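The structure under discussion appears below in the form of structure tokens.
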Amino acid sequence: MAASSPPPPSPPPAKRPKMSSSSDPEPDAEPTSPSAAGQPRCPRYKRRKVAILLGYCGAGYQGMQKNPGARTIEGDLEEALYQAGAVPEADRAAPRRYDWARAARTDKGVSAAAQVVSGRFYVDPPGFIDRLNAQLAPQIRAYGYVRVTNSFSAKKFCDRRRYLYLLPVFALDPSAHPDREAVMASMGSGTELTKCLECSERGRKVPGVMGREGKLLSPAENAPLEGAVVNSHGESGAAQCDPPISNTNVHGELGSSSDEKLDLPVSGDGTEAGNAGLGSNGVGDAVPSASADADPSAGNDENKLEATATELKVQGVDFDKSNGEEKPPTKSAFSYTDEVKERFNRILKYYIGTHNFHNFTTRTKAEDPAAKRFIISFAADRVVSLDGIDFVRCEVVGQSFMLHQIRKMIGLAVTVMRNCAPESIYDVAFRKDVNLNVPTAPEVGLYLDECMFTSYNKKWKDTHEAVSMDPYCEDAERFKVKYIFPHIAAMEHKEGAVALWLHSLNHRNYPDFRYMETAGAEAKVGTEVAAGAETNVGADVATGAEANVGAEVAAGAETKVGADVDSIEEVQLPGDNK
């Protein structure tokens, strides 16, 4: 019987057909298995390491870096990336899991025209930037993104950072917005300084200073403080300027920077003593402190108010109006001339190079290596006009900057320009053994203009696109014109951010302005003491020499006399015999 032949082999199972590339949103998309219901899932896209270029206006934000409990640029950006599909649910609020990094950290209220952040995001679907901007506030705009290497970090690969500070020209005028210390010192002298009517204290009325509707102090509050002086008009005022308080202070008093807090007396409602209450017109009616211009004798208040109202009407305030509006201030004749420019740029050049900037930051000690920073350039060569105000464009380029460093550098430069501190203070400002209290300029005029990645772009120019703002220059310029510049001008018009800060630049708030004088006096005293000691030593030496000489002379005389006596023969006189 013949053996049966084996059955023919069954054909292999048909392969699953590939999905058409035309059906994929992107060629790199990876399809997933169908769901239980037979419906295909949304495609899962690959993560890409990218650098996102963006700009933002810092108004209303507590800085760039994420801070629990505070509204920050980084916090809003992380949430927008999640909402736009760039970050999965598992990585939400966990930036370390997608290699998050920022090129620069900006302070509270500081803006950026060209910030760079990096991370691993799902950016394959088209329209990623449009979806991201749809989730962001209008004052935060993403310009675009660039594919980068897997090792790229916006923080570590950034070579240089360029910041701009728009400083009002009047800040460099020593006579503009004088500090209250100088105004009080001039009262009753016959050459009184004009009260500052150009700052933002419109509508605040103080007895004896700004109008009739002010809130009178109690007799206890009206008593002069210790150290106060009374001028020839009977007005009580501090011999030096009051410490800086908030921007809602009385007209002519001090403003303060956002990061400096002083221990000030507070009233029962938790506000600083002498701060404004709420008037009938909705404007804070300031309560004068004991160092204000209020008359300590309540009986003379009415006459005092009339005299002050008459005086200020001549200066441009009409108190017959119910709201106490001021006439537009006369524009100062001060301008950014070549002479002023030359001096200001000479002062800014002190910062160029590698220095120890421990006096220009907070919470960094002189021994900390992080206090050493390298400034590449610092110049102020142009003037720009924003909403009728002229601003000096101060441009600083450095490898990196510390907290408040740029604002403090501007603050000390303005202080020297206004003759509040000598230029020689820079001889000790960078010394490790000297601690100076340096004023901090307001944050509103500062913004990050560009982050530069020169070394990275040069190394990877053949395989990767350059991380640069060049393709987005027009977008960044439009953003600055629409958001950043109007905010800077509005803050000066409405709140007088820089004008009020200038009132705080005096020797009481910053006694270190006189460091060179004090150090010179101490050195002089030390020299005199040393000279006196040398004189005393010389006198002692001379006295000792005289004593020694005297002793030698006396000893020699005694010796000689003794020798003479021994050589004389004894002679018996008559009567000596017994």
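A Cβ is built for glycine as well, from the same backbone N, Cα and C atoms used for every other residue.
Bear in mind that TrEMBL entries carry predicted annotations, made automatically and left uncurated.
Copied over from TrEMBL:
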type	residues	note
ACT_SITE	D107	active site, nucleophile
COMPBIAS	1-14	compositional bias 'Pro residues'
DOMAIN	348-453	domain 'Pseudouridine synthase I TruA alpha/beta'
REGION	1-42	region 'Disordered'
REGION	232-302	region 'Disordered'
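Within 10 Å of the C-beta atom of D107 (active site, nucleophile) sit 21 other C-beta atoms, taking all shown protein chains into account. The average pLDDT the prediction assigns to the domain 'Pseudouridine synthase I TruA alpha/beta' (348-453) is 96.
DSSP states for the domain 'Pseudouridine synthase I TruA alpha/beta' (348-453), grouped as helix (H, G, I), strand (E, B) and coil, give 30 helix, 36 strand, 40 coil.
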